[in-house]
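Working notes, structure below.
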Amino acid sequence: MWNIPKQLWLILAVALVVAIVKCNFASANDKVKVDNDASPSVDPNPGKHKEGSRTDDETIQKEEEAIKLDGISVSQMKELRQKAEHHTFQAEIFLRELISNGSDALDKIRLLSLTDPQAMETKPELSIRIKADKENNVLHITDTGIGMTKAELISNLGTIARSGTSQFFKKFSEASPQEQQDLIGQFGVGFYSSFLVADRVVVTSKHNNDTQHIWESDAGSFNVFEDPRGNELGRGTTNFLEPTTLEELVKKYSQFINFNIYLWKSKTVDVEESAEEEEKKESPVEDEEGKVEEASQEKPKKKKETKTVWDWELVNDTKPIWLRKAADIEEKEYQEFYKSLTKDYSSALAYTHFQAEGEVSFKSILFIPERAPSDLYRESMKRNSNIKLYVRRVFISDEFEDFMPKYLSFIKGIVDSDDLPLNVSRETLQQNKLIKVIRKKLVRKVLDLLKKLPKEKFEKFWKEYSTVIKMGVFEDPGNRQRLSKLLRFQSSNHPSDLTSLAEYVERMSERQKVIYYMAGTSRKEVESSPFVERLLKKGIEVLYLVDPVDEYCMNSLPEFDNKKFQNVAKEGLSLEMSEKTKQRIADLENDFSETLKWLKEDALKDKIEKAVLSQRLTKSPCALVASAWGWSGNMERLMRSQTYSKSQDPTQEYYMKEKKVFEINPYHPVIKAIKQRVNEDKSDPLALSVARLLYDAATLRSGYLLKDSADFADRIDVMLKSALNLNPDEGAEEIEEDAEEDLPPIPKEEPIDLDTYVPHFVKDDEKTKKEEEDKKEEHNEL
């Protein structure tokens, strides 16, 4: 197996070796040439002029040196290139890298001009210009930056390990930190991404301290020579390669570069006729007798014609407002930036603009869309992050799936950091530990924003995003308490308004120790549940959890504000009672001891865990209560409805087969009657039948599913007969069937000749087709 040194993986990452890709790019159909082209015009093949460099004694020797990549020879490069053909690369990043290098060079000359005012005399403008030459299949990228001398071309572009920016940082170590941070990235590495789309790269550069030189390479070797055309650039650098959709890439990756980026574009305009054509039309005309006819006093309206013109167009017209102070930015500017960033027609519901410092420093603006996206709850869909990561105003990626947790995936915005690396590892930032630090701070800022939303805005937010916030409670343990403060539920306190947990706790009496809640499919269901009867009678507030995710959410919350939660459908409900009430209950338990034992051991044997007197029932005769760690009826129903749940899941089977606690209301007349019959005769068949019927009814009332619905229906039938004083064993009256000979005879069918048989639907089709043809013919005649 071919042994690749560790250093080569760095090379593979930026795909320096992929000089084998030859891309053709489509642009506008017009091929109009203009003489007033403001861009530098450089021969597509300047290498043919390199003989001119022989006039310089220092460059008389042709410099064709092999590119040294940490000791890798050209032959090794070719072998590595062949292996790289089987890999896919993100080729479009080449433009981002080259523009970043141009911005880097512009920062250098700007910084140099602070100490040397004459540095920018030859070219005062600081900009980047991009022009595609379709005829020669060349892309020109021109910046008016600091440029490179011949020695710098060899040093910085000839060896990938070298970096012009790194050297420049050393030279200007005395500059302010902010000025140094404006220098983008590592020059050498990013430059080589141009070989992702080009077979050959030519760099023409002019430095103030040297003549204009040309560097060219096919990724295997490079040449450096003096430009025989002299100084055409003034100062700066031009790169030639084959383009893609330039405008889209500039706006995607380099929209917020500090300097203007211009693109050479064509556009159609309506222009009036030229003066010469107008004079020809207005000149006097002689008639046959030699008389001169004067032109009409009324001048005709000038005609307009459509022409295609070419000009420079500013591409990065949106400026990075996150670099400004939040106090200086108006609401309208934030909303315009949001629409530009997200392509959303609606305004943002809310936003936060902040600067974070510490282990990693960054600036960010985060937005909450007014409406939730349609795919917000689709787990199967792979979505890009709505957070765009920039490093020193250069777009890196929006493909960090873990930049925001799932429950906050709807948040949109930008993060711009100066502390993240912008070199070959920019494609592998996903593994950078600083990303996790940024994520943590972003989540905290979003939760803080939600907490401070005005009531009216929060109600709009909750209507759109309530489910994902509840999901966040059991998905994000680290922020569980913060999320709990955002939760809103229906409550017995008000027929329609939602309440927060903090508001519930504020309304609690001093004697109440827990927060009560009841889960179900609707408010009507939970309000009529037997589990809330006594609580509502005593005036104790109960939270109504009617969203399918609510009970999952509440099971993940151990407590809120030092108050534990109590599901009223589960075992463990304990209400405050006076000593007199406690004594009365103790007497009732003693009085019903035989009945409770009979229910557990005889009537409902193998169906219940135990039978107890209930503290929660006032109207209903009985209820089926889950254990403290078991599933309520609502939870069991949800688990059964999970289409992706395993049918043989042992955990699910355990919870569904778990026996429940059978609670009875000692004050209900049916329970009293059963007690009386059991005390008289434990084998009373009516008491046994009623007890089983009560169990089935309690199963349904408590939200569980009956395992044997047919048996339940039979017992209902028996009870109805008993109520009507009918014999329970009496069945329906039998009706004698008609004799078989009285039935009409079945008509005999004639045998079918398969050779001549035509099905009726074929006949119908042919008939319909003929009718349509007749109508068409009649229409044609008319």
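Yeah, the Cβs are placed from backbone N, Cα and C, and that goes for glycine too.
Copied from TrEMBL, the annotated features are:
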BINDING   Glu97, Asn101, Asp143, Met148, Asn156, 163-164, 186-191, Thr237, Arg426  ATP binding site
COMPBIAS  46-60  compositional bias 'Basic and acidic residues'
COMPBIAS  732-743  compositional bias 'Acidic residues'
COMPBIAS  761-782  compositional bias 'Basic and acidic residues'
REGION    33-60  region 'Disordered'
REGION    275-302  region 'Disordered'
REGION    732-782  region 'Disordered'
SIGNAL    1-19  signal peptide
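The binding-site residues examined here are Glu97, Asp143; by Cβ neighbour count within 10 Å, the least packed of them is Glu97. Using a 10 Å Cβ-Cβ cutoff, Asn156 (ATP binding site) registers 24 neighbours. A helical conformation is recorded for Asn156 (ATP binding site) in the three-state DSSP classification.
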